[in-house]
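The next block holds one structure in the form of C-alpha cells; read it before the comments.
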Amino acid sequence: MKKLEVFGAAKLKGQIRISGSKNASLPILAATLLSNKKISLANLPRVKDIETMILLLKSLGSIIEDNKKELIIKNTKQTKTFAAYSLVKTMRAGILVLGPLLAKFGKAKVSLPGGCAIGTRPVDIHLQALSKLGVKYKIIQGYVHANAPKGLIGANIKFPKVSVGATENLIIAACLAKGKTTLSNCAIEPEIKDLVNFLINMGCNIKWTAKRTVRIEGVNNLKELDYSVMPDRIEAGTYLIAAALTEGNLKITGIDPKIISTEINILKKVGSKITLKKNEILIQGSKKIKNINIKTSPYPGFPTDLQAQMMVLLCKANKRSHIKEEIFENRFMHVAELNRMGAKISINGNQASIEGNIKFEAAELMATDLRASVSLILAALAAKGKSVINRIYHLDRGYEDIEKKLKKVGAKIKRIN
C-alpha cells in the first residue's frame, strides 16, 4: 500500500495553478447521459473519482475518447440503465446517474453510493423529490430500483433541507421532464451554478428565479457542446491554508477569488496578508495566527470540505478556537491523528475545541477520508522531522498532482510503497 513521506518545517513559496473542480466535474459528467450529441469536456481533474465516473459512464454504454486535454463523450449507443455497486461503492457521486437515466429511459437500477465514511449521507431527499416527478422506487439489497411509467412530469418541489447532491440530481432530471419544474431551497454552490451553465449551453431551459429557487422547463432536443469545467475552490482553499500555516508566500492562479471570498475573509481575520487580482490570489502567512470561531454551512458559508484543514491552522493560533460542524455528523475522524501529533483538540457532539500555540510533532499517521488525508499533510508540513501518512488512496480521490504541486513550492514530500 502506498504512503506519503513528509518532511516538515519548510515555508512554502512560489506559484500553484488550481486544477478543475472535482465537485463540478462529477455532476457534469453524469449530466452528459441526457444527450445523444457529442460533448467535449476540458479542465477535468485527473483524480480517482473522475476515473471512476468515466468507468461508470462506459458501463452504461457511453463511448468516451480521452486525448488528455479533453474528454469526448458520445451516447448514441447508450441504452443501459444499471449502475453496479462495484463502480458506485467508492464515491457518493455515483447516485447522480439516477436522475439522467430516469429522464432519458424512464427506469434505472442504481447502487446506493459509497465515498468517504463521514456520515450517513442519505439519498432519501433525492428519492422523495424524484417521486414528485412521477418516479416510483424501491430499495432492494442496496440498490435503488426506480421507474417512471409515464415519464418524468414537472412539479413544484421544496427540498426539506439544503442538499447539494439532491439539487444536482433533480436539476438534471427535470431537464427532460414534461412541463415546468420549480425547485426551491436549492443548494447554490458554485459547482451547481457551473452544472446549470453547462446544461443551459447544452440546450436546457433553466432559470434562477430567486436566490435558492430554480425553474426548469423540459426540452426535447439538446446540442453538441464544448465546455471547460470551473476551477476547484476546495483545492485553492487547501493551498491558501497551507501557506498561512507555514508562514509561506504563495500565488494561487487560475481561480476567481470571488468564489472563495468566505475563506479569504477568514484567513485575513487570522492574520494572513492577502492580495486579490483577476484569477489570482497572493497570500503571505503570518508568524502570529489569531484564534477564531467557525461553523460549517452551505454556500456561501464556510465549506465542510475545508474544516479539517482549517482545524490544523487553528492549532497554531494564539488562543483557543472552536469549530462547529453543521453539515456532516461524523467529520472529526482526523482529530485523533492530529492529537497524536501534539494537538489538543476535544470533541463535544458536533463541536471541536482547539487549543492554540501547538508545536506539531512528526508521526506515523493514518488517513480516514479525503479531506482528513490532506489535513494530515498540512500538519506534517508544519511539524519538525519526518511524518508518514498511510492510506493515501483517499487523497487520490480528490487532489490532482498534490505532491508535484507541493514540491514545486518547497515542500519535501514523496510517495513510497
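Just so you know, glycine gets a Cβ as well, placed from its N, Cα and C.
Here Swiss-Prot flags Cys116 as active site, proton donor, drawing on sequence analysis.
The feature phosphoenolpyruvate binding site is assigned by Swiss-Prot to Lys22, Asn23, with sequence analysis given as support. According to its DSSP assignment, Asn23 (phosphoenolpyruvate binding site) is helical.
The annotation UDP-N-acetyl-alpha-D-glucosamine binding site is assigned in Swiss-Prot to Arg92, Lys161, Val162, Ser163, Val164, Asp305, Ile327. Here Asp305 (UDP-N-acetyl-alpha-D-glucosamine binding site) comes close to Asn23, Ile234, Gly237, Arg371: these same-chain residues lie at least six apart in sequence, with C-beta atoms under 8 angstroms from its C-beta. DSSP gives Asp305 (UDP-N-acetyl-alpha-D-glucosamine binding site) a helix state.
Among the features that Swiss-Prot reports, 2-(S-cysteinyl)pyruvic acid O-phosphothioketal is placed at Cys116.
If you compare Cα positions, Lys22 (phosphoenolpyruvate binding site) sits closest to Ser163 out of the binding-site residues Lys161, Val162, Ser163. In three-state terms derived from DSSP, Ile327 (UDP-N-acetyl-alpha-D-glucosamine binding site) belongs to neither a helical nor a strand segment and is classed as coil.
Neighbour count (other Cβ atoms within 10 Å of the Cβ, all protein chains): 20 for Arg92 (UDP-N-acetyl-alpha-D-glucosamine binding site). The Cβ of Lys161 (UDP-N-acetyl-alpha-D-glucosamine binding site) lies under 8 Å from the Cβ of Ile125, Asn185, each of which sits 6+ residues away along the same chain.
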